[in-house]
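Novice: Would you mind keeping the following structure in view while I ask a few things?
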Ligand code: JQB
């Protein structure tokens, strides 16, 4: 996968030289190119921003500089373009999966109050452009959002995750564990500062371990993310699940019974 990132702060992307993503780059699985937007500014001050039309606080990124930068980076190719913004569509595991299937992604990192909207309009007629948000809080610019997205996408690429166990049973992965958080995990020693590892995990009884883990996942989801459980497919809840949720006073839709 080729990945281009345009930003006025290329130093933000130093972490992409490390760990999973860094190794994927060394192996050639990932081709990451970070570009300094100011290289396409014309004046001596390398200006990339200007005052907003209509007034108001802050500054807006100038369209001409972005246009020249994007034109040069894409040449006659057609990457999918991602623009982080607090008003974008939510970045979810589902979108990460979809983007991991693309050959070429271009990330445009805004700063200040964002990028002149005509840039998205212009490239929206030539490329697939998505304005995306990583969550409901306000960052100072798109760089950290891009790091988050590149890590989430990168670990889904074939051969990037060190361990073959992979992405399939993650909390937000589509499939069986979707809408259920992961439960607690433990390793040796069996007692640490007086805290014991739950006995069932030492029992070697795989059926009991699986049931206990499922209970923990359900309890944790009810406690911290009940809205995820509210959307769970009722068909995926067995008799034990229903009894536990009942004990937790969590309302689930009734089992479908004919007539
Ligand atoms: C400028 C950004 C985010 C990119 C994501 C997320 O855009 C703004 N609007 C109002 C106030 C401040 C900004 C700052 N800003 C470019 C830019 C914020 C992304 C961003 C984001 N993705 N929160 N904030 N989830």
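Yeah, the Cβs are placed from backbone N, Cα and C, and that goes for glycine too.
Unlike curated records, TrEMBL annotations are generated automatically.
So TrEMBL has the following annotated:
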{"type": "BINDING", "residues": "110, 134, 135, 136, 137, 138, 139", "note": "S-adenosyl-L-methionine binding site"}
{"type": "DOMAIN", "residues": "1-230", "note": "domain 'tRNA methyltransferase TRMD/TRM10-type'"}
Novice: Cβ-Cβ under 8 Å from residue 135 (S-adenosyl-L-methionine binding site), same chain, 6 or more residues apart: which ones?
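Specialist: Listed in sequence order: 90, 91.
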Novice: Rank the binding-site residues 134, 137, 139 by how many other Cβ atoms lie within 10 Å of each Cβ and give me the one with the fewest.
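Specialist: Across 134, 137, 139, these binding-site residues, the one with fewest Cβ atoms within 10 Å is 137.
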Novice: Average pLDDT across the domain 'tRNA methyltransferase TRMD/TRM10-type' (1-230)?
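Specialist: Mean per-residue confidence for the domain 'tRNA methyltransferase TRMD/TRM10-type' (1-230): 94 out of 100.
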Novice: Given the binding-site residues 110, 136, 138, which one is most crowded in terms of C-beta atoms within 10 angstroms?
Specialist: 110
Novice: Could you state, as a whole number of Å, the largest distance between Cα atoms of any two of 110, 134, 135, 136, 137, 138, 139, the listed S-adenosyl-L-methionine binders?
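Specialist: So the maximum pairwise Cα distance among the S-adenosyl-L-methionine binders is 17 Å.
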